[in-house]
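Visitor: According to Swiss-Prot, the feature signal peptide maps to 1-33. The feature topological domain 'Extracellular' is assigned by Swiss-Prot to 34-422. Here Swiss-Prot flags 63-83 as repeat 'LRR 1'. Marked as repeat 'LRR 4' by Swiss-Prot: 134-155. Positions annotated as repeat 'LRR 5' by Swiss-Prot: 158-179. Per Swiss-Prot, repeat 'LRR 9' is recorded for 254-275. Among the features that Swiss-Prot reports, transmembrane segment is placed at 423-443. The topological domain 'Cytoplasmic' annotation in Swiss-Prot covers 444-516 and rests on sequence analysis.
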Amino acid sequence: MGLHFKWPLGAPMLAAIYAMSMVLKMLPALGMACPPKCRCEKLLFYCDSQGFHSVPNATDKGSLGLSLRHNHITELERDQFASFSQLTWLHLDHNQISTVKEDAFQGLYKLKELILSSNKIFYLPNTTFTQLINLQNLDLSFNQLSSLHPELFYGLRKLQTLHLRSNSLRTIPVRLFWDCRSLEFLDLSTNRLRSLARNGFAGLIKLRELHLEHNQLTKINFAHFLRLSSLHTLFLQWNKISNLTCGMEWTWGTLEKLDLTGNEIKAIDLTVFETMPNLKILLMDNNKLNSLDSKILNSLRSLTTVGLSGNLWECSARICALASWLGSFQGRWEHSILCHSPDHTQGEDILDAVHGFQLCWNLSTTVTVMATTYRDPTTEYTKRISSSSYHVGDKEIPTTAGIAVTTEEHFPEPDNAIFTQRVITGTMALLFSFFFIIFIVFISRKCCPPTLRRIRQCSMVQNHRQLRSQTRLHMSNMSDQGPYNEYEPTHEGPFIIINGYGQCKCQQLPYKECEV
């Protein structure tokens, strides 16, 4: 009976003892052993700025996160983190790491984030990241990498973000990203890239944002981006690009933003933007453009924001296509687009110069009150919500102002047709003048014959006077030479000439004619 009554009391005791033993076994896994100089929060260990020269050995093997930022670690040995199989993120940025041995991250199968930025890494073995099959974010920016092994990122099929900013990369190996099928963000900015391989981005079928700014690219062939079927944003600013081409006909329907600011672009293939039917933001400030063909502008049908300031715009007849397009543009531009040449237009807004100097032939402008211009307190530029974008001025308008200005511009395209039309117009004017003169003469003869007879009689009288004067002069000369002996004019008017051949009597008549 005694044993029967003790058993119910002993069962809870046995359960408590078993639970206590399990807790004791799980203490290491729960992160109770915190390394010296580190701050521990549950299973996350923060050992930043503690002067570590190597990874501390006392780190708990069950930790999920380890931060060793801002220390003095110079080298990562082979199997350095092999026993930390539970790590999901590892931060090693802002150290002095220059050497990473092969398989240094072996065993970190659950690692999702690895930060190695701001170190001195100049080389990475091709097996460095092989076993990081769950890695999603890799940051290698601000190092000294000059080249990458073609198989360096092999096996990283879950990688979504890759930072390679501010290294010394000169080329991108073909098929470097072939196995990165999930990559959505790639930053290759601030390197020394001079050209892009045709298949350099093969495999990046999910890439949405690509950064190539601050490199040394001189020419861009958009056919090299053919395999980036999901790309949304492309940054190419501050390179040395002089022209844009497209080596083949294709449609890049996903691209919505293209930044080409700060290059040396002088020429653009007429069909480049036809491959980007959904492009919404195009920034080409601070280049060397002096004009844009109307075919290029007409292909920008979906554009909502454009940047064209800081170029070498020539405000002559060549600017009419751009002025016409700007006049009907429904979107916005953040900075003024000013003339660069000739001298008398330098510094003038393009649209102001076109109107003020009458640069475009047959220009017509209609101004109506339709839209509202206001100052956005969160931005530096003035938004214009209107049916056109004619620049009225750079005066600051209060947020309460309700000034509404809209212009409708019509600019013909400057081409050979204008010259031909002018020649035809001039020829027609000359022909009209000629026929008009003939018509006036004909009418005069039909309508005013007395006047014409008087004019004719006056002309005949004048001719007779001239003839008589010449006859007198001739006779005077002949009398001095010998045939004439005597000349005696009478008081009545007739005169007699006596010579060796006979006698001639000439009497002056009232109508001034002479009979012999």
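Each residue, glycine too, has its Cβ placed from N, Cα and C.
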Visitor: On average, what pLDDT score does this prediction assign to the repeat 'LRR 1' (63-83)?
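Guide: A mean pLDDT of 92 is what the predicted model shows over the repeat 'LRR 1' (63-83).
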Visitor: From the DSSP assignment alone, can you count helix, strand and coil residues within the repeat 'LRR 1' (63-83)?
Guide: 0 helix, 5 strand, 16 coil
Visitor: Near the repeat 'LRR 4' (134-155), which residues from the same chain, at least 6 beyond its ends, have a CB less than 8 A from one of its CBs?
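Guide: Sequence-remote neighbours of the repeat 'LRR 4' (134-155) are 93, 109-126, 128, 161-180, 187.
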Visitor: Can you count helix, strand and coil residues in the repeat 'LRR 5' (158-179) using DSSP?
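Guide: Split by secondary structure, the repeat 'LRR 5' (158-179) comes out as 0 helix, 3 strand, 19 coil.
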Visitor: Going by DSSP assignments with H, G and I as helix and E and B as strand, what are the residue counts for the repeat 'LRR 9' (254-275)?
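Guide: Each residue of the repeat 'LRR 9' (254-275) counted once, the result is 4 helix, 5 strand, 13 coil.
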